[in-house]
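Straight from TrEMBL, the features:
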- A:12-36: transmembrane segment (TRANSMEM)
- A:145-166: transmembrane segment (TRANSMEM)
- A:187-210: transmembrane segment (TRANSMEM)
- A:344-364: transmembrane segment (TRANSMEM)
- A:384-406: transmembrane segment (TRANSMEM)
- A:418-437: transmembrane segment (TRANSMEM)
- A:449-468: transmembrane segment (TRANSMEM)
- A:480-500: transmembrane segment (TRANSMEM)
Amino acid sequence: MRQGFRQSMAWLHTWAGLLCGWLLFAMFVTGTAAYFQDEIGRWMKPEVHANPDRAAATQAAIGYLQATAPNADIWYIAPPSARTPTADLFWQPGKDEIAARGTRQRGDTSAIVDGYGRPVTVRDTKGGWFLYRFHFDLHYMPVLWARYLVGIASMFMLIAILSGIVTHKKIFADFFMLRFGKGQRSWLDAHNVTAVFALPFYLMITYTGLVTLATQLMPFGVIANYASPGTFFNEVFPAGKPVERAGVAAPLVPIAPLMAAAAARWDGAGVGSVRVTNPGDRSALVTLTRAPGSAIGSSGDTLIFSGATGALLDQSGATGGAMATQAVMIGLHAGRFAGWGLRWLYFLSGVAGAVMVGSGLVLWTAKRRAKLPDPAHPPFGFRLVARLNIAAIAGLPAGIAGYFLANRLLPLVMEQRAAWEIHCLFIVWGATLVWAIARPERRAWIESLAAAALLFAAVPIVNAVTVPRNLLTGLLSGDWLFVAFDLAMITLAVGFGFAARKAAHAKAISSRRARRAARAMATA
Amino acid sequence: MTHLIAIALCITGFASLCAAMPRHQRMVVGRLLGDAAGFRLRLAGGAALLLALAVDLAGLGAAYGAITWCGHLTVAAALVVARLNRASSRPSSKHRAGDR
């Protein structure tokens with residue numbers, strides 16, 4: 001190779017970064033938002049407020065299930081936690097029930113109950129969970145393909161990070177360099193600075209992100225050792241073998257002592273989910289899974305009790321070093337163990353990551369704009385990148401604001417309401433793309449950023465008009481979630497407004513420069 | 001509390017490291033420092049960052065402390081750069097006079 005190592009790495013960094021940059025930006029944005037998915041979910045279900053004793057709430061949820069689905073095969077209960085006020089319930093109807101209904105359809109087998117076992121009627125929404133799933137499952141496409149795409153993008157990210165470290169030779173000399181208003185140099189500064197700040201986070205998040213997809217991206221170990229992948233997954237994640245019903249009715253033991261026993265075994269850690277197999281039968285099993293918030297490794301240790309006697313029958317946890325390592329890596333990635341302080345640090349690092357990817361994308365155009373042979377008619381590739389940058393960087397945040405607004409504005413009773421909230425996100429995002437293509441590039445930047453700012457600014461206002469909980473009532477009653485959410489929306493609105501102003505300012509500078517250049521040309 | 005102390009130490013650390021670099025000295029300290037002073041500042045900066053790590057490890061345990069320290073470094077570095085950027089965007093005549 002004639003080029004030096006560093007030049008070849010620069011080439012790799014540029015193209016690996018560009019090719020997956022838009023997807024990576026979307027992953028950073030939605031993944032960062034997902035650190036607050038429970039809080040976003042609570043905001044999107046403003047009807048719910050309750051926060052009681054976990055064991056009592058779980059018992060109440062069981063009471064609801066006993067009344068509603070006594071013949072189900074399995075009940076799943078996600079008890080309320082510090083971050084979610086409701087218990088989420090799912091159940092698998094018994095065979096008789098499915099046969100009686102005459103279809104294979106599982107029908108309505110989920111419910112949300114408050115801490116006292118009363119069903120809560122909440123608006124139909126996917127809440128923060130959608131942003132979390134989009135982070136690795138995308139949308140409107142099969143999950144398997146999406147995960148390959150996301151996996152490939154993550155590998156490109158890892159390549160871009162490592163080649164970026166090599167390329168940027170003055171990584172420490174430029175550590176504190178951030179100069180605004182210097183065109184391309186400023187974009188390079190912003191890219192470098194945001195890259196270096198949270199470098200340990202980016203390396204960690206990219207690598208552990210790949211680990212979460214490890215069995216899909218590298219199935220070879222499983223293929224080589226197991227006749228069918230199913231055997232492997234059953235071994236790793238024992239789903240609880242189906243237990244034959246004994247046909248003898250037996251009441252379920254109270255749940256509180258089981259949860260207390262679990263907490264004692266797990267050094268005080270809480271229960272993350274409860275599964276009851278064959279409820280009401282002598283063969284009933286109660287499986288408690290450790291809450292992910294209690295340790296970095298989130299593999300989910302489980303304890304299995306007899307539902308009729310309350311005796312501990314079996315237990316499982318991360319077995320072996322490899323599983324434990326994987327559990328810790330996934331735990332580090334998802335940050336479910338993080339308390340408030342660390343959760344915000346995760347969030348800010350994620351924001352820095354989005355800025356890093358975004359500034360890298362803009363830098364690609366900024367670098368090439370100066371060298372365009374005919375600035376009025378840039379080549380197709382340049383225009384494509386420039387327009388996609390606008391749609392990706394301003395469009396997705398605007399779409400998320402649209403998602404929040406749709407949650408408040410769509411009629412409460414509506415077919416497929418949750419799906420339409422999500423469609424709204426993509427409608428706004430798509431509209432930004434159309435706008436970015438239709439308008440002159442610089443106008444499109446200013447207008448899309450301003451639109452994102454306006455949409456975020458509209459969220460607190462629309463919320464205050466449609467729902468009785470908002471910033472002011474929150475301050476008065478200590479409803480901090482609604483205070484924090486409104487403040488976050490205002491911050492984002494100010495941020496995008498600032499960006500729009502900067503873009504408008506840059507336009508003024510560059511047109512002044514162009515005029516000066518034209519004058520110089522004329523006098524020459 | 002651990003968070004605040006650790007972030008304060010990280011800010012001190014990065015500010016010292018920044019002041020140790022000749023390219024920033026005119027703005028941060030108001031004049032160029034000698035090599036020896038720069039070296040001492042670099043040493044002090046590194047020590048402050050390590051001290052922050054010690055505070056995090058002691059306050060949050062080995063595992064959580066190490067992770068949180070990375071977050072604290074990020075926040076502190078961002079704050080120092082933001083402050084520096086604000087200082088440098090002022091008219092240049094001011095820092096020649098040695099403000100701060």
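Residue numbering: from 1, along the chain as shown.
Backbone N, Cα and C define each Cβ position, glycine as well.
TrEMBL: automatically predicted annotations, no manual curation.
The list of residues near the transmembrane segment (A:384-406) in space but at least 6 beyond its ends in sequence, with Cβ under 8 angstroms from a Cβ of it, reads 18, 21-22, 25-26, 29-30, 33, 43-44, 130-131, 358, 361-362, 364-365, 378, 420-422, 424-430, 432-433, 436-437, 441, 444-445, 448-449, 451-452, 455-456, 458-459, 462, 489, 492, 496.
Proximity of distant same-chain residues to the transmembrane segment (A:418-437), defined by a Cβ-Cβ separation under 8 Å and at least 6 residues beyond the stretch ends, is recorded for 124-126, 130, 139-140, 387-388, 390-391, 394-396, 398-403, 405-407, 410, 444, 447-448, 451, 455. Counted over residue pairs 6 or more apart, the CB atoms of the transmembrane segment (A:12-36) and the transmembrane segment (A:344-364) come under 8 Å in at least three pairs, which marks the two as touching. Sequence-distant neighbours of the transmembrane segment (A:344-364) (same chain, 6+ residues past either end, Cβ-Cβ under 8 Å): 14, 17-18, 21-22, 24-25, 28-29, 31-32, 35-36, 184, 187-188, 190-191, 194-195, 197-198, 201-202, 205, 335, 338, 385, 389, 392-393.
For the transmembrane segment (A:145-166), the list of distant contacts is 5-6, 9-10, 12-13, 16-17, 19-20, 23-24, 27, 135-139, 195, 199, 202-203, 206-207, 209-210, 213, 216-217: same-chain residues at least six beyond its ends, Cβ to Cβ under 8 Å.
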